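Q: Per Swiss-Prot, signal peptide is recorded for 1-20. Residues or ranges marked as topological domain 'Extracellular' by Swiss-Prot on the basis of sequence analysis: 21-545, 645-804. Here Swiss-Prot flags Asn158, Asn220, Asn272, Asn286, Asn323, Asn408, Asn415, Asn479, Asn736 as N-linked glycosylation site, drawing on sequence analysis. For Gly500, Thr502, Arg507, Ser674, Ser675, Glu723, the entry in Swiss-Prot reads L-glutamate binding site. If you look up Swiss-Prot, you'll see 546-566, 624-644, 805-825 marked as transmembrane segment, on the strength of sequence analysis. Summarising the annotation, Swiss-Prot assigns topological domain 'Cytoplasmic' to 567-623, 826-956. The region 'Disordered' annotation in Swiss-Prot covers 931-956. Among the features that Swiss-Prot reports, compositional bias 'Basic and acidic residues' is placed at 939-948.
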Amino acid sequence: MPRVSAPLVLLPAWLLMVACSPHSLRIAAILDDPMECSRGERLSITLAKNRINRAPERLGKAKVEVDIFELLRDSEYETAETMCQILPKGVVAVLGPSSSPASSSIISNICGEKEVPHFKVAPEEFVRFQLQRFTTLNLHPSNTDISVAVAGILNFFNCTTACLICAKAECLLNLEKLLRQFLISKDTLSVRMLDDTRDPTPLLKEIRDDKTATIIIHANASMSHTILLKAAELGMVSAYYTYIFTNLEFSLQRMDSLVDDRVNILGFSIFNQSHAFFQEFSQSLNQSWQENCDHVPFTGPALSSALLFDAVYAVVTAVQELNRSQEIGVKPLSCGSAQIWQHGTSLMNYLRMVELEGLTGHIEFNSKGQRSNYALKILQFTRNGFQQIGQWHVAEGLSMDSRLYASNISDSLFNTTLVVTTILENPYLMLKGNHQEMEGNDRYEGFCVDMLKELAEILRFNYKIRLVGDGVYGVPEANGTWTGMVGELIARKADLAVAGLTITAEREKVIDFSKPFMTLGISILYRVHMGRRPGYFSFLDPFSPGVWLFMLLAYLAVSCVLFLVARLTPYEWYSPHPCAQGRCNLLVNQYSLGNSLWFPVGGFMQQGSTIAPRALSTRCVSGVWWAFTLIIISSYTANLAAFLTVQRMEVPIESVDDLADQTAIEYGTIHGGSSMTFFQNSRYQTYQRMWNYMYSKQPSVFVKSTEEGIARVLNSNYAFLLESTMNEYYRQRNCNLTQIGGLLDTKGYGIGMPVGSVFRDEFDLAILQLQENNRLEILKRKWWEGGKCPKEEDHRAKGLGMENIGGIFVVLICGLIVAIFMAMLEFLWTLRHSEASEVSVCQEMVTELRNIILCQDNIHPRRRRSGGLPPQPPVLEERRPRGTATLSNGKLCGAGEPDQLAQRLAQEAALVARGCTHIRVCPECRRFQGLRARPSPARSEESLEWDKTTNSSEPE
């Protein structure tokens with residue numbers, strides 16, 4: 001059968017002439033709220049009738065008549081009596097009532113018996129058990145469709161827990177689809193029924209205590225508004241609660257009394273504001289209310305009035321189409337007879353085929369007489385009024401405009417003051433030095449304060465910082481409640497928790513977190529255990545005292561062996577006068593006891609000496625000693641760098657396993673913090689063992705704050721388990737603290753918000769923006785760096801101080817003092833055994849000191865023993881020598897006259913030796929060769945004998 005579509009104003013005159021009266025088409029309307037200052041149902045019927053009758057296309061004088069009957073009570077008797085008054089008038093349809101379910105059921109039964117169409121304009125009651133009459137049509141959307149639409153919204157917002165407030169017990173049957181979805185998905189839906197007092201306050205308090213954030217209100221417009229006002233009084237109208245109204249008159253609610261415009265209130269609307277007559281219809285209602293009422297009861301047309309308006313048009317359209325196929329007539333009926341209207345069934349068939357656009361949108365019915373193929377607009381309350389953010393269609397389902405919804409949330413943050421709960425914790429939040437002179441947010445400083453300023457600048461909101469009452473981050477109690485900042489968020493006492501609040505799975509179940517603004521992990525903080533402080537003789541530290549002792553013994557042993565070997569081997573005995581090889585009976589050994597002690601010293605100091613080993617045995621001793629000193633010096637040099645450039649720490653533990661395997665060092669964490677929860681819930685064997693130790697240790701190893709933990713580390717044998725960021729901060733400011741090992745886990749700090757916070761996505765985007773702009777890293781460097789302790793890499797480049805190598809200067813000074821003292825002893829000893837002099841010892845010493853200061857008198861007579869003769873230069877015999885002579889410095893003295901050569905040689909008094917007759921200078925005895933010297937009278941006979949021996953063998 002083809003669908004029927006007809007304009008509402010094209011009503012031919014012949015259609016109007018088929019009624020029982022040749023001049024009218026009669027429709028009956030039953031109103032249960034006939035007051036002028038109510039929903040405006042009477043006015044809407046009048047407007048529909050007049051608009052149809054004023055249509056210029058209408059021919060003749062026939063017109064539509066609507067008889068209005070008032071129903072004072074929802075009574076079966078009065079309803080039946082009213083119907084008995086309507087049937088004799090010969091009506092083609094009965095409309096209403098709008099708010100009397102019992103009366104509506106009686107009317108449907110009577111109309112069904114007489115086969116007169118009946119239009120309902122109220123939601124069905126007892127949908128599952130009531131038999132829908134064929135003659136009954138319902139313009140009001142079914143509760144089943146509304147239930148499916150609510151379920152779609154809950155799915156869109158990922159709501160896993162919700163509370164359904166019912167004004168009547170029948171709502172459990174009406175919203176069966178919604179209940180079934182929660183049963184299938186295993187989500188939580190609590191149902192609360194209003195009591196007979198109709199006071200929702202106790203019910204709302206229970207919902208608040210249950211921490212339920214999504215509330216579905218299934219009640220009429222008046223009761224829904226009352227519930228919302230009571231919720232506002234309890235502080236439940238905020239950004240952390242979501243209200244969903246199933247009443248289709250949501251757009252008529254007055255929200256002016258709501259203080260917090262951040263509340264997320266959603267509802268449905270079926271009004272078609274694009275309809276050509278909608279504005280005129282609304283203006284007429286408002287004008288009527290203003291003229292006849294003390295106040296305007298609604299902000300727009302009530303749903304029942306719009307449905308009655310559309311019902312009149314639907315009946316007229318169906319009658320028009322029916323009359324095209326057959327002539328219809330209407331005759332009076334009676335309650336006392338079994339007579340029916342013969343055209344009633346045909347008209348019902350045409351009514352089910354009607355399609356038109358009315359004030360409530362598209363009008364179409366299914367085979368059951370229920371409205372179909374329509375759409376519900378989803379509205380959200382904003383500071384600018386109600387805004388459509390999506391729609392639900394019977395066939396297409398839910399479609400939401402996420403951009404509009406997000407923009408409403410962003411706009412709701414504008415110029416909004418958020419309560420921020422936090423805790424004093426360096427460097428996240430600290431009191432300024434002069435905080436007594438300030439008030440409000442100006443009293444605080446720190447990383448979180450700066451980050452809040454950045455976020456407020458991006459999202460354009462205001463904030464008020466408030467310290468948490470109990471001074472803890474938040475842990476669950478045995479009764480299921482939470483303490484600290486987490487507890488305040490759950491109780492909706494704060495909008496944000498901005499601090500070093502760790503994101504954990506347990507906390508995520510009860511509050512929402514933003515994206516992490518800082519990544520960290522648990523670390524071990526322990527005090528620095530330094531070895532003995534560096535002293536002046538710390539250059540001896542590379543070797544232990546035992547090594548130094550064995551080195552001394554090795555030195556003495558080598559000296560003794562060298563002295564012994566040099567005495568035994570014949571190759572270390574040689575003639576002191578190589579010029580007289582084979583003619584001198586004297587042999588000399590250079591390894592005296594003093595030289596044997598000096599030679600190893602020169603090798604050990606890598607300076608060498610003038611003593612060179614001749615024999616293989618002495619060279620073997622020398623080589624072994626040099627190899628020994630090479631290894632010793634190399635080892636000393638390598639170890640000296642480690643000992644003097646880096647202060648070595650003596651740490652008894654190096655990892656978390658070392659800490660868990662011992663009991664001498666106590667360890668613990670902050671009570672009620674995320675680190676404590678980490679160890680408590682960990683399944684790793686080492687961490688479980690650590691938790692058992694911390695939990696059972698008495699006195700308790702847990703601390704209340706980070707400052708208390710730091711003090712305990714410094715003043716006792718205690719290791720503190722805390723976040724790596726705090727570890728880094730305090731190590732920068734106390735050089736006696738160090739981190740042991742690496743991180744025990746990886747986690748992040750986030751901004752806490754109550755469950756269901758509509759600002760979560762906005763803060764996520766703002767945090768990502770700060771990270772991309774590197775603002776968070778800049779803030780961290782600002783508050784973490786600048787400590788008095790240098791970075792660890794700076795220790796390697798630190799110069800050595802006097803406390804490290806001052807001892808070597810002490811050794812040098814002592815050696816110089818000993819050398820001066822020995823020189824004075826030698827000076828005095830020489831003077832005492834020299835020839836008698838008229839000059840005193842003091843004068844001699846003064847003279848030498850003066851020469852030293854003036855750098856003069858490098859040559860002076862040799863001091864001889866008492867009774868000895870003073871040395872005199874040798875007298876050279878004048879004879880013609882060879883043309884040249886080689887001096888001791890390796891230079892050639894020119895040929896010239898013999899006298900000149902002799903005079904030149906005589907000037908080299910220090911190089912002229914006794915008994916030498918050669919002009920060449922001997923490299924061993926440094927004597928001249930080639931000239932014969934006359935012995936002076938003071939020369940002994942032994943010297944003269946030596947001259948004779950040497951001269952007799954020399955060629956002339």
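Placement of Cβ uses the backbone N, Cα and C atoms for every residue, glycine included.
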Q: For the transmembrane segment (546-566), what are the same-chain contacts with Cβ under 8 Å, counting residues 6+ beyond its ends?
A: 540, 572, 589-591, 593, 596-597, 599-601, 604, 613, 615, 617-618, 621-622, 624-625, 628, 632
Q: Taking the centroid of the Cβ atoms of Gly500, Thr502, Arg507, Ser674, Ser675, Glu723 (L-glutamate site), which other same-chain residues have Cβ within 8 Å of it?
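A: Near the L-glutamate site, beyond Gly500, Thr502, Arg507, Ser674, Ser675, Glu723, sit Tyr473, Leu501, Ile503, Thr504, Gly673, Thr677, Lys747, Tyr749.
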Q: Please give me the CB contact count at 10 A for Thr502 (L-glutamate binding site), counting all chains in the structure.
A: 22
Q: Between Asn736 (N-linked glycosylation site) and Arg507 (L-glutamate binding site), what C-alpha distance do you get in Å?
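A: It is 35 Å, counting Cα to Cα.
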Q: I need the most crowded of these glycosylation sites: Asn158, Asn286, Asn479, Asn736. Count other C-beta atoms within 10 angstroms of each C-beta and give me the top one.
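A: Checking each of Asn158, Asn286, Asn479, Asn736, the winner is Asn286.
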Q: Measure the Cβ-based neighbour count of Asn323 (N-linked glycosylation site), defined as the other Cβ atoms within 10 Å of its Cβ.
A: 19
Q: If you measure from the C-alpha of Glu723 (L-glutamate binding site), which of the glycosylation sites Asn220, Asn286, Asn323, Asn415 fall inside 10 Å?
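A: Candidates kept after distance check: none.
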Q: By CA-CA distance, flag whichever of Asn158, Asn220, Asn272, Asn286 among the glycosylation sites is nearest to Thr502 (L-glutamate binding site).
A: Asn158
Q: Are there residues of the same chain, six or more positions away from Asn272 (N-linked glycosylation site), whose CB falls under 8 angstroms from its CB, and which are they?
A: Phe278, Glu357, Gly358, Leu359, Thr360, Gly361
Q: So, in DSSP terms, is Arg507 (L-glutamate binding site) helix, strand, or coil?
A: helix
Q: Going by C-alpha distance, which of the glycosylation sites Asn220, Asn286, Asn323, Asn479 is nearest to Gly500 (L-glutamate binding site)?
A: Asn479
Q: Counting across all protein chains shown, how many other Cβ atoms sit within 10 Å of the Cβ of Ser674 (L-glutamate binding site)?
A: 23
Q: What is the separation, in Å, between the Cα atoms of Asn158 (N-linked glycosylation site) and Ser675 (L-glutamate binding site)?
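A: Distance (Cα to Cα, whole Å): 30 Å.
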Q: Would you mind reading off the Cα separation of Asn323 (N-linked glycosylation site) from Arg507 (L-glutamate binding site), to the nearest angstrom?
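A: Cα-Cα distance, Asn323 (N-linked glycosylation site) to Arg507 (L-glutamate binding site): 70 Å.
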Q: For the topological domain 'Extracellular' (21-545), what's the model's average pLDDT?
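A: Across the topological domain 'Extracellular' (21-545), the average pLDDT comes out at 85.
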Q: For each of the recorded positions (Asn415, Ser675), count the other CB atoms lying within 10 A of its CB, then report the residue with the highest count.
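A: Output for this query is Ser675.
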Q: Using DSSP and three states only, what is Asn415 (N-linked glycosylation site)?
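A: In the DSSP reduction, Asn415 (N-linked glycosylation site) maps to coil.
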